[in-house]
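Asker: So Swiss-Prot has the following annotated:
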- 1-61: topological domain 'Extracellular' (TOPO_DOM)
- 62-82: transmembrane segment (TRANSMEM)
- 83-121: topological domain 'Cytoplasmic' (TOPO_DOM)
- 122-144: transmembrane segment (TRANSMEM)
- 145-158: topological domain 'Extracellular' (TOPO_DOM)
- 159-179: transmembrane segment (TRANSMEM)
- 180-195: topological domain 'Cytoplasmic' (TOPO_DOM)
- 196-216: transmembrane segment (TRANSMEM)
- 217-294: topological domain 'Extracellular' (TOPO_DOM)
- 295-315: transmembrane segment (TRANSMEM)
- 316-343: topological domain 'Cytoplasmic' (TOPO_DOM)
- 344-364: transmembrane segment (TRANSMEM)
- 365-373: topological domain 'Extracellular' (TOPO_DOM)
- 374-394: transmembrane segment (TRANSMEM)
- 395-454: topological domain 'Cytoplasmic' (TOPO_DOM)
- 455-475: transmembrane segment (TRANSMEM)
- His469: active site (ACT_SITE)
- 476-496: transmembrane segment (TRANSMEM)
- 497-507: topological domain 'Cytoplasmic' (TOPO_DOM)
- 508-528: transmembrane segment (TRANSMEM)
- 529-548: topological domain 'Extracellular' (TOPO_DOM)
- 549-569: transmembrane segment (TRANSMEM)
- 570-582: topological domain 'Cytoplasmic' (TOPO_DOM)
Amino acid sequence: MVIPRYHLIPTNCILSYHIKMSYLTDILKLFSLETLDTRLYPSSNTAKKQSIIKQANPKSRWSTIEFKFYYLVFLIIVPLMFKAGMESANENNPNYPKYEHLLSNGWIFGRKVDNSDQQYRFFRNNFPLLCLLIIIHVGLRRVINRIIPLSSKRTYFDFIFGIIFLIGAHGVNVLKLSIHLLINYLIGKYIKNYKLSLWITWIYGISSLFFNEWYGNYTLGLSFLSTGYTGIIPRWDVFYNFTLLRMISFNFDYLERQQKLNNMTLPKEESNGSLLNLDDRERLTAPLPIEDYNIFNYISYLTYTPLFIAGPILTFNDYIYQSNYQQSSSTKDYHRIMMYLIRFIFCLLTLEFILHFMYVVAASKTKSWEGNLPFQISMLGMFNLNIIWLKLLIPWRLFRLWSLLDGIDPPENMIRCMDNNFSALAFWRAWHRSYNRWIIRYIYLPMGGGGKYRILNSLLVFSFVAIWHDIELKLLMWGWLVVLFLIPEISVTMIFKKYRNQWWYRHLCGVGAVINIWMMMIANLVGFCLGTDGMWKLLHDLFKTFDGVRFLIISSGALFVGAQIMFEIRESEMRKGINVRC
């Protein structure tokens with residue numbers, strides 16, 4: 001009798017294989033889109049989900065010979081990138097004495113840490129204090145909810161804790177902030193003309209940014225504003241920009257709701273629609289009773305502590321709906337929250353590793369790249385960009401984690417790794433996603449959206465984005481240049497879209513992606529890392545030295561491979577019915 005060959009495979013080998021596959025599945029799930037935000041789940045609308053699935057290639061390419069070659073490229077190139085990044089700025093680099101003074105004592109293997117970035121240093125140094133505040137806030141909420149049945153009106157707790165937090169954070173400067181809050185509230189509530197009220201809201205909001213920039217230290221003739229306690233964070237105006245977004249959201253949501261009610265012919269008690277089981281999009285225009293748009297809820301929303309410092313940005317309607325009507329089921333799924341916590345810790349440790357082994361921020365601050373090879377200079381810049389991404393991602397995820405633990409689910413801000421981008425247009429959808437959603441709702445769509453005025457509307461959007469970030473001419477120019485860079489991508493996409501079913505289309509897109517990535521890297525390296533001096537040196541070395549030309553060719557090939565992997569990641573998501581358009 002012939003025994004089938006598979007009977008000869010030991011049972012323990014099969015079991016070991018299944019365990020390994022189970023671990024791999026868990027790791028892939030941990031880093032999936034769905035782990036980040038339930039908003040990124042496949043659509044509950046069956047027709048919409050099937051429409052997305054039909055757009056994807058039904059056959060996966062992950063096991064093809066082509067992609068096995070790509071895996072080999074990854075195994076070679078990625079370690080070399082880390083090696084070059086370390087060599088470009090560590091203690092063995094000849095330029096080390098130029099930036100050694102910017103380094104601090106670290107905690108990993110007795111190494112120094114590059115804590116020279118001012119923004120992240122503030123967060124990193126105050127991280128234990130923030131964790132303590134989270135424990136106090138979440139713990140106090142749960143204790144009080146057990147003692148006093150406030151679960152139906154969470155805003156009571158938010159109002160009291162928010163005021164106390166604000167005084168502790170900004171001290172007497174709370175008075176300056178309060179003036180802005182009150183003026184905005186009066187504009188929204190007491191100017192009855194819908195369009196006029198919206199225009200004045202926008203004019204006052206943008207004017208307040210300029211006023212704070214030019215006269216931020218005003219005292220209103222009150223001596224205690226200059227001599228009194230100014231809190232843990234004396235620069236109250238630094239966080240005002242996020243508060244302004246919430247101020248505009250309240251006025252817009254209130255005026256929109258009032259307008260709808262005025263146009264209705266139903267009795268008042270019948271004019272409120274259903275408030276049951278609204279999804280994230282429906283919550284943006286939730287049919288709240290007009291009485292909910294009051295000064296108490298306004299202050300509770302603006303001072304909601306987990307999201308006050310830097311967001312993510314939640315609209316007024318969404319906040320009130322989740323607070324007083326129906327909490328999102330995601331805030332009760334503690335397994336998902338634990339997965340989110342693990343992913344946060346992974347990102348935190350990743351940044352700590354980079355800061356301990358690659359002193360690229362300090363090197364770029366002192367322009368210490370003399371003698372480095374083109375590959376090393378480019379990795380110095382690339383890891384700088386990764387640090388910028390991580391230093392924003394980590395606070396945003398901590399604040400969102402805090403909010404989830406507290407029972408409110410705001411949108412996830414960063415849904416793609418910075419290195420997982422090949423399109424400038426898609427990049428802006430994935431970067432600071434809650435801000436992008438806010439802009440679409442309150443600026444882009446009211447101005448007409450993506451119709452015949454798409455370019456003009458985009459100019460308006462990026463002008464506001466630039467002013468909101470900081471009032472500098474170079475940022476305004478940056479905003480306009482972004483729109484200029486988007487035009488070729490939009491045009492080429494429209495021209496070649498009809499060929500998407502051709503065998504060569506994916507490879508042509510790969511070439512376009514390489515050009516796009518180079519353009520985005522150059523623009524961001526100039527603006528945030530190397531400056532014009534470093535960029536000119538890199539470009540000179542790329543095109544006028546043998547090592548540079550060789551690196552340009554090899555790196556472009558590696559970027560092409562990376563782009564193909566990015567394409568297939570998105571195809572895999574679409575096969576599950578997920579299309580986040582970035």
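Placement of Cβ uses the backbone N, Cα and C atoms for every residue, glycine included.
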Asker: Between 0 and 100, where does the mean pLDDT of the topological domain 'Cytoplasmic' (316-343) sit?
Answerer: 92
Asker: Taking the Cβ of His469 (active site) as the centre, count every other Cβ atom within 10 Å, in any protein chain shown.
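Answerer: Summing over all protein chains shown, His469 (active site) has 14 other Cβ atoms within 10 Å.
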Asker: Please figure out which one of 62-82, 159-179, 374-394, 455-475, 508-528 racks up the most CB pairs under 8 Å against the transmembrane segment (295-315).
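Answerer: Out of the listed stretches, 159-179 contacts the transmembrane segment (295-315) most.
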Asker: For the transmembrane segment (508-528), which recorded stretch in the set 374-394, 455-475, 476-496, 549-569 gives the largest number of Cβ pairs separated by under 8 Å?
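Answerer: The listed stretch sharing the most Cβ pairs with the transmembrane segment (508-528) is 549-569.
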Asker: I'd like to know if the transmembrane segment (549-569) touches the transmembrane segment (374-394) in this structure, counting it as a touch only when three or more C-beta pairs sit under 8 Å and are separated by 6 or more positions.
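Answerer: Yes, the transmembrane segment (374-394) and the transmembrane segment (549-569) are in contact.
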Asker: Give the one range among 159-179, 196-216, 344-364 whose Cβ atoms make the most pairs under 8 Å with those of the transmembrane segment (455-475).
Answerer: 196-216
Asker: Could you tell me whether the transmembrane segment (476-496) and the transmembrane segment (62-82) are in contact, taking contact to mean 3+ Cβ pairs under 8 Å with a sequence separation of 6 or more?
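Answerer: No; fewer than 3 Cβ pairs under 8 Å.
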Asker: Determine which residues of the chain contact the topological domain 'Cytoplasmic' (497-507) at the Cβ level, with the cut-off under 8 Å and only residues 6 or more beyond its ends counted.
Answerer: 564, 567
Asker: Looking only at DSSP and grouping its letters into three states, which state does His469 (active site) belong to?
Answerer: helix
